[in-house]
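**Student:** One structure is given below, represented as structure tokens, and several questions about it will come after.
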Amino acid sequence: MSSTTTSPSVSPFQLFLMRFKREKLAIAAGITLLIMILMALFAPLLLSHGPNDFDYNRILMPPSPENWVGTDIYGRDLFTRLVYGARVSLTVGFLSVTIGALVGSFIGILAAYRGGWLDSIVMRAADVLFAFPSFLLAIAIVAVLGGGIMNVIIAIAIFSAPTFARITRSSALSVLNSQFVRAATTMGASHSRIMFVHILPSTISGILVYFTMRVGTSVLTAASLSFLGMGAQPPSPEWGAMLASSRDFIAVDGYMYLTLYPGLCIFLTVLCCNVLGDGLRTALDPK
Amino acid sequence: MPQYILKRLMGTLGVMLVIAILAFFFVHMLPGDPVRMIAGEDATLQEMEILRQKLGLNLPLHQQFYLFMVNLLQLDFGTSLISGDAVYDVLSHRYVLTAKLTLVSLWFIPAGIILGVVAATHKSRFLDRACMVFSVSGISVPEFWFGLILIQIFAVKLQWFNPTGFQSLADLTLPAITVGMMGTAVIARFTRSAFLDVLSENYIQTARAKGVKRFNVTYVHALRNAMLPIITVIGLQIGFILSGSIVVETIFGLPGLGSLLIESVVARDHPVVQTLLLLYSFHFVMINFVVDVLYTVINPQVRLK
């Protein structure tokens with residue numbers, strides 16, 4: 001946001017909008033995500049069934065006009081379950097990354113502003129955590145806390161925080177010596193005012209890009225954990241849990257639709273987050 | 001050079017110590033009394049006391065840690081709560097398969113580099129677009145789902161492979177494809193951007209102006225310099241392959257370390273989980289160390305800093 005190349009008549013935000021309009025693919029991804037979120041929110045209004053309404057006369061039906069993506073072994077409509085599953089998956093994705101982002105950025109700004117031993121400790125700790133693939137960390141945390149969707153959210157929040165801390169710290173450091181921060185210090189602004197009113201806004205763009213991409217990763221991680229039996233448990237329509245129950249039919253030809261669609265939902269969500277994040281980065285940081 | 005390696009080795013040992021401390025506290029962080037967990041719900045107080053002494057959990061914390069480290073250095077990781085066998089024996093059984101899967105999955109390195117170079121040398125043309133679509137899809141695809149779909153197409157429908165289990169190396173084909181997918185995608189993307197950066201450098205222009213053959217410019221002048229950042233990413237991706245194998249082994253029913261980890265977490269077999277976390281961490285740290293050393297071999301500037 002400290003861009004100096006802008007002409008005075010255009011605000012940084014308008015400049016961002018102008019650049020973002022050129023990222024057609026990212027806009028499409030954003031709209032897709034928005035539709036998914038709206039469908040998840042208004043699921044009861046859009047669908048005639050609940051996610052766990054069973055119909056033993058219609059078990060394991062392949063995709064048809066009545067059941068768009070088929071029914072499962074209890075005769076539950078899979079499309080209904082996928083839409084309700086989006087509620088679980090998107091909630092986990094957004095909530096966990098939001099917690100991670102809040103905690104991480106707070107630590108990052110504090111580390112940059114205070115410097116010294118606090119900075120060293122935070123960054124060394126982040127280095128150690130970075131040496132590990134996040135999925136293994138998530139399993140380790142779930143091994144300590146036990147399974148369940150709440151613990152998955154906590155696990156993802158914990159391993160997201162260090163990256164947010166690092167991103168926020170580096171962009172905070174880059175404005176720490178800028179004139180507006182010095183001016184605020186000279187005028188006697190309090191530490192918290194300098195950190196959160198003056199420094200925080202200039203770190204937002206980095207956080208935003210990473211946040212978007214991280215939501216995708218977090219949906220993926222949560223689904224993996226549920227698939228392995230450590231996250232959401234049946235009969236929850238969470239996508240990973242749905243895939244786990246589809247495994248019973250894995251060795252039988254003709255039931256691929258059970259596996260195909262929950263996975264496609266995960267894939268689509270993660271893809272949209274990655275493409276949107278990429279577009280945001282291009283628009284915010286044109287290099 | 002030896003000095004630099006020694007310095008890095010000390011740093012690596014430091015990180016290992018931190019990890020050992022974390023692993024030590026792993027049992028202490030479990031909610032509730034670990035002895036109650038290990039002994040089971042119906043154990044008597046007396047039995048629990050005996051177990052507590054046997055595990056050394058009645059000692060002061062620093063003595064417990066000392067014992068833990070001594071045992072660790074002697075490769076004594078305790079006994080599995082489920083099978084009752086020594087954790088070391090349980091692990092060594094499973095280690096070989098995961099090592100094989102990881103080695104076979106390294107196909108992603110040449111594949112990713114080739115894709116990235118092809119994309120960069122065809123910038124903004126069809127091949128570039130195709131490579132990048134593949135790359136962003138590869139990063140977004142859930143590994144466990146991709147594996148399940150591969151099983152249904154190539155093992156169930158076409159019957160080219162066994163759907164699950166491990167009899168011969170051929171059974172590792174589908175798992176290796178699944179594990180390597182994401183690595184290929186990440187490396188392709190990274191190679192492309194590193195390569196494009198290098199191609200715009202002056203020395204590439206000079207080489208071209210001198211009349212060096214196109215092939216030589218691309219693969220001798222550019223690739224070597226572009227390799228520096230790529231190597232770091234390859235190192236990270238090998239780590240991710242190890243963690244990717246956790247899910248993939250489970251799907252394909254391969255009795256390796258990854259499926260053991262999942263079984264042990266679900267069964268709350270804490271000594272096995274603790275040792276596996278240590279073992280995985282050890283591998284990641286060692287990979288990072290090797291990458292750092294390789295880096296200095298290729299780029300002497302790093303040594304001088």
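Each position is counted from 1, following the chain as shown.
Backbone N, Cα and C define each Cβ position, glycine as well.
Owing to the predicted nature of the structure, the values given are computational and were not obtained by experimental measurement.
Feature table excerpt (TrEMBL):
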- A:86-277: domain 'ABC transmembrane type-1' (DOMAIN)
- A:25-47: transmembrane segment (TRANSMEM)
- A:88-113: transmembrane segment (TRANSMEM)
- A:134-159: transmembrane segment (TRANSMEM)
- A:194-211: transmembrane segment (TRANSMEM)
- A:255-277: transmembrane segment (TRANSMEM)
**Student:** Where among A:25-47, A:88-113, A:134-159, A:194-211 do we find the most Cβ pairs under 8 Å to the transmembrane segment (A:255-277)?
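**Tutor:** It is A:25-47 that shares the most Cβ pairs under 8 Å with the transmembrane segment (A:255-277).
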**Student:** Out of A:88-113, A:134-159, A:194-211, which stretch touches the transmembrane segment (A:25-47) the most, going by CB pairs under 8 Å?
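**Tutor:** Looking only at A:88-113, A:134-159, A:194-211, the most contacts with the transmembrane segment (A:25-47) come from A:88-113.
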**Student:** At a C-beta cut-off of under 8 Å, are there same-chain residues at least 6 beyond the transmembrane segment (A:134-159) that contact it? List them, or none.
**Tutor:** 88, 92, 95-97, 99-100, 103, 217-218, 221-222, 224-226, 229-233, 236, 238
**Student:** Quick test of the contact rule: Cβ under 8 Å, at least six residues beyond the ends. What residues does that give for the transmembrane segment (A:88-113)?
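**Tutor:** Contacts of the transmembrane segment (A:88-113) (Cβ under 8 Å, skipping residues fewer than 6 from its ends): 36-37, 40, 119, 122-123, 149, 152-170, 172-173, 176, 191, 194-196, 199-200, 203, 207, 211, 214-216, 218-219, 222-223, 231-232, 236-240, 265-266, 269.
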